[in-house]
Amino acid sequence: MASKVRPWLLLLSLVLLAAGAGLTPAAEAEPAPTFDDNYVKDWGNLQLVSQGTEADLTLDQSSGGGGFRSKSLYGSGFFHMRMKVPSGYTAGVVTTFYLTTQPEEDSTRDEMDLEFLGDKDGVPVTLQTNVILNGITKEQRLHLWFDPAADFHDYKILWNTYQLVMFVDDTPVRVLRNLSGTVPGYEFPAKPAMVIRASVWDGSAWATDGGRTKVDWSRGPFTAGYQGFDVSGCASDGGGTPCDSPDLWWNGGEYRGITDEQRAAYERVRKEHMSYDYCADKDRFPDHVVPIECSYV
């Protein structure tokens with residue numbers, strides 16, 4: 001007569017065999033960083049959703065928009081944010097992700113911006129990148145190869161002692177090498193304390209058609225989503241490792257210049273998608289004496 005096998009004993013045996021064979025359940029994934037880990041509300045209309053893993057900034061006529069900033073100041077890093085800009089008719093609406101010295105109102109500040117300039121129905125959003133050095137703005141504009149309002153995309157700023165590179169996903173769209181040590185008069189953002197900021201606000205005075213097309217409040221509210229609140233940066237206000245240390249991965253050899261593949265992608269962006277470059281603005285530089293960095297693209 002066959003002996004009876006108790007079900008619980010069989011289950012225990014299978015668990016022990018799986019453990020001995022290394023077939024234990026996979027470790028749970030690290031939880032996504034939340035807004036409160038590294039950022040605080042700065043002003044206006046901000047709402048946290050998805051258990052704090054997304055921050056929505058909304059511009060309407062009553063709020064005037066909203067913004068947030070990092071808790072720390074940074075001296076170098078590879079900063080990123082996943083963003084989805086407002087959709088539909090967004091003329092006059094400006095959506096941003098940027099780093100800036102403090103106070104932001106300082107006329108001699110340094111700043112590096114990704115600014116999305118909304119537009120009328122059927123007209124693509126413009127991405128304006130700014131490098132502001134000692135208060136002087138040097139801007140470029142381009143139309144992206146996708147709709148930034150349709151889904152979230154990665155926007156990144158690599159800033160170290162070797163270069164400043166702005167990326168859309170993994171494609172460089174703005175590159176500034178640091179040649180300040182070898183080229184007289186060459187400027188590079190080197191002030192050691194930058195705060196990360198993001199905002200949505202009313203740029204009717206200038207953002208669309210040179211300010212001729214304003215925000216249409218009847219088409220609002222206008223909401224931008226932000227995700228990805230981890231920060232790969234050297235906190236300049238926390239002591240410890242110097243922010244130019246090669247021990248920080250974003251200062252390593254592969255981040256001291258763009259690769260040949262990245263260079264080719266960057267040249268395609270400049271050729272096929274760029275609509276404005278301050279270096280080529282004849283009205284701005286009627287005597288054709290452009291800033292020195294324009295000769296080192």
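Here the Cβ of each residue, glycine as well, is placed from N, Cα and C on the backbone.
Marked as signal peptide by TrEMBL: 1-29.
The average pLDDT computed over the domain 'GH16' (25-226) stands at 95. According to TrEMBL, the feature domain 'GH16' maps to 25-226.
Its own atom aside, the Cβ of E111 (active site, nucleophile) has 20 Cβ atoms within 10 angstroms in the protein chains shown. According to TrEMBL, the feature active site, nucleophile maps to E111.
Per TrEMBL, active site, proton donor is recorded for E115.
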